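Student: From TrEMBL, here are the annotated features:
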type	residues	note
TRANSMEM	A:36-57	transmembrane segment
TRANSMEM	A:64-83	transmembrane segment
TRANSMEM	A:89-110	transmembrane segment
TRANSMEM	A:117-140	transmembrane segment
TRANSMEM	A:160-180	transmembrane segment
TRANSMEM	A:209-228	transmembrane segment
TRANSMEM	A:265-283	transmembrane segment
TRANSMEM	A:289-308	transmembrane segment
Amino acid sequence: MARLIRWESVLVLLLVVVAVVGSVRTGGTFLSGGNLFYLGLDIAEIALIALPLTLVVVSGEIDLSVASVLGLSSALVGTLWNAGWALELILPVAILAGAVCGAVNGLLVTRLGLPSLAVTIGTLALYRGLALVLLGDTAVADFPATFTQFGNTPIPGTQIPYPILLFAVLAIGFAVLLHYSSFGRSTFAIGANDEAARFSGIRVKRVKLVLFVLTGAVAAIAGIVYTLRFSSARADNGNGLELAVVAAVLLGGVSIFGGKGTLGGVIAGVLLLGGLRNLLILDDVSTEVLTVVTGALLLAGVLIPRLLGSRFTPAGRKT
Amino acid sequence: MNTRSAARRGAAVLGMALLLASCSGTTKDSADQGPAPAASGAANPAAPLKTGLKMTFLPKQVNNPYFTVVQQGGEKAAGELQAEFKATGPSDASASSQVTYINTAAQQRQDALIMAANDENAVAPALKTARQQGMKVVTLDSDVAADARDVFINQADSRDIAVKQVQLISEAVGGNGEIAILSATPNATNQNTWIEIMKQELAKPEYAGLKLVETAYGNDDDQTSFQKTQGLLQAHPQLKGIVSPTTVGLAAAGRYLSSSEYKGKVALTGLGTPNQLRAYVKDGTVGKFALWEPNKLGYLGVQAATALASGRITGAQGEKFSAGELGEYTIGAEGEVVLGPPTVFDAANIDRFDF
């Protein structure tokens with residue numbers, strides 16, 4: 001545990017460095033309210049999906065279909081809107097559809113015992129395909145301003161985007177679930193050793209299924225946020241976003257082998273990736289360099305905790 | 001946590017919500033779209049042109065050869081107008097990836113943004129916000145919703161392009177014989193618009209000698225276009241000419257013809273870039289072909305942005321502005337400016353172009 005706190009401190013330190021360098025390099029623009037507002041919007045979907053995905057990875061599994069669920073949710077919103085449904089009805093249906101997608105992932109993993117990496121690579125294509133069947137290459141854009149404002153404007157009197165408020169609420173919920181509930185302790189136990197967890201009475205399959213369902217539902221919520229933010233429902237929305245989310249989770253110090261990680265670390269990881277990207281674009285760094293820096297940071301994120309781990313873990317606990 | 005009871009409670013809440021929502025709600029029919037903001041302020045044609053304007057060029061994606069040429073034209077105009085001009089953008093051409101760059105340009109207090117949009121709607125909210133902060137927005141190549149930009153520079157009028165291609169093929173086959181079209185995909189919007197107008201043109205008396213026998217689709221894939229060319233020639237032994245209104249198709253057809261017995265016997269023309277067609281023009285496979293000049297598109301974009309930022313124009317229909325070496329332009333309906341008729345390339349002038 002001590003090792004993980006250390007990595008989080010490193011992340012927070014890096015965040016401070018980015019903030020200081022950012023405001024010096026851009027003459028204060030980086031930390032201005034307006035820019036932070038856009039930064040918040042920019043990371044909204046990644047931040048939302050990173051929450052449940054953290055729990056999935058802690059449990060020793062992975063879900064690569066999240067961005068496809070986002071796209072399917074967006075396509076569903078557009079299709080139902082075109083069909084004349086009320087948005088108040090469409091939104092819960094889209095979230096429910098996301099939960100069903102998550103349940104399919106979860107059932108394939110838990111009932112058939114298939115590896116989640118393979119299952120969700122399959123459903124990554126499947127769900128994106130369904131989205132394309134629904135909406136093809138057309139876009140639905142005639143949503144009313146009262147709804148699209150949710151994705152575009154700050155909460156009155158502040159510079160906080162509505163999606164970030166939604167994120168904050170969900171973040172508290174997921175933090176309680178992971179770090180302060182027996183469900184969370186079960187999740188860690190399963191990730192550390194699911195065989196041992198099963199023998200100690202934890203309903204391993206049930207927990208994993210719930211985690212996949214939650215991930216699907218939140219990915220669908222992210223799909224709604226995405227749709228309203230760009231006022232555009234498209235089947236290819238969020239294409240490739242899964243890699244950014246997985247990257248943020250790993251940078252946040254969650255072990256890809258399961259059993260270790262904190263939600264705080266992941267939130268710091270999301271902020272660091274988003275902040276760095278924002279700063280580099282604001283500083284007119286070329287897109288090529290941006291890609292190189294992001295890749296290098298991710299490698300460092302996976303490598304450094306591992307190096308720190310072998311140095312700081314007491315000898316007796318080494319494997 | 002008891003997952004079963006939680007699930008039951010969740011289902012109950014969801015059911016209630018569905019019930020409530022089905023009673024009344026916001027649907028496509030009830031939604032109000034709101035009035036579109038009109039062009040702001042009055043134009044002053046005599047206003048001095050500002051120098052030192054900060055401009056950002058946002059292509060569909062960076063490292064795209066076509067937009068690199070557009071950018072070069074923009075740089076040239078910026079040099080003449082003493083503007084600061086920089087290019088930035090995403091590495092992928094997805095619908096929403098440009099939004100970050102639009103917001104960044106607004107944060108950097110750029111005077112103008114010149115962009116080719118990946119999606120006409122996804123970038124609109126960000127553009128509207130940026131315009132409210134005083135940034136002028138010029139779109140080129142691919143437009144956005146009309147209320148999200150000040151001016152759209154259209155590379156060429158669809159009619160001009162279609163009419164020019166019919167002229168070129170008629171000329172190439174001597175006004176008589178069977179012709180075929182080699183297009184991109186069956187659902188490519190711009191291609192289909194051109195083909196439709198081409199058919200209308202071919203129905204005119206002066207083209208009575210021309211007979212369009214087939215429209216083939218090469219899917220903008222080199223190999224498919226190559227095979228479709230082969231297929232067209234086998235299916236129609238009397239074929240005198242092929243029109244390909246897409247660079248990939250034109251180059252693939254040129255490659256097939258230049259190495260076949262049909263070289264010099266079957267005429268080929270269409271839309272393509274000089275660099276891809278140079279060899280076929282030099283070896284006699286292609287006589288003339290057409291395209292707009294992307295560098296002029298960028299040049300005109302920066303000229304329009306400067307006129308906007310200086311207050312000479314606001315984007316309203318009928319306003320005129322001077323665009324340096326390209327002469328004077330008039331803004332058309334919905335803020336649209338047409339670059340001009342397509343440029344025709346042949347053996348005599350092709351070496352003057354590099355794109």
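These residue numbers are counts, starting from 1, taken along the chain as shown.
In case you wondered, yes, glycine gets a Cβ from its N, Cα and C as well.
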Student: Where among A:36-57, A:89-110, A:117-140 do we find the most Cβ pairs under 8 Å to the transmembrane segment (A:209-228)?
Tutor: A:89-110
Student: What residues elsewhere in the chain lie close to the transmembrane segment (A:289-308), defined as a C-beta under 8 angstroms and at least 6 residues from its ends?
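Tutor: Same-chain residues near the transmembrane segment (A:289-308) but 6 or more away: 3-4, 6-7, 10, 247, 250-253, 256, 269, 272-273, 276-277, 280-281.
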Student: Under 8 Å between C-beta atoms and at least six residues away from its ends: which parts of the chain pack against the transmembrane segment (A:117-140)?
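Tutor: Distant contacts of the transmembrane segment (A:117-140): 62-65, 67-69, 71-72, 74-79, 81-82, 101, 104-105, 108-109, 232-236, 239, 242.
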Student: Same chain only, please: residues at least 6 beyond the ends of the transmembrane segment (A:160-180) with a C-beta under 8 Å from a C-beta of the stretch. Say none if there are none.
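Tutor: Same-chain contacts beyond the flanks: 37, 40-41, 44-45, 47-48, 51-52, 54-55, 58, 150-151, 153-154, 187, 218, 221, 225, 229, 262-264, 267.
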Student: May I ask for the residues of the chain that lie six or more residues beyond the transmembrane segment (A:36-57) and have a Cβ under 8 Å from a Cβ within it?
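Tutor: For the transmembrane segment (A:36-57), the far contacts come to 63, 66-67, 70, 116, 151-152, 154, 159-161, 163-164, 166-167, 170-171, 174, 177-178, 184, 187, 191, 211-212, 214-215, 217-219, 221-222, 225-226, 229, 238, 241, 244-246, 248-250, 252, 254-256, 258, 261, 263, 266-267, 269-271, 273-275, 277-278.
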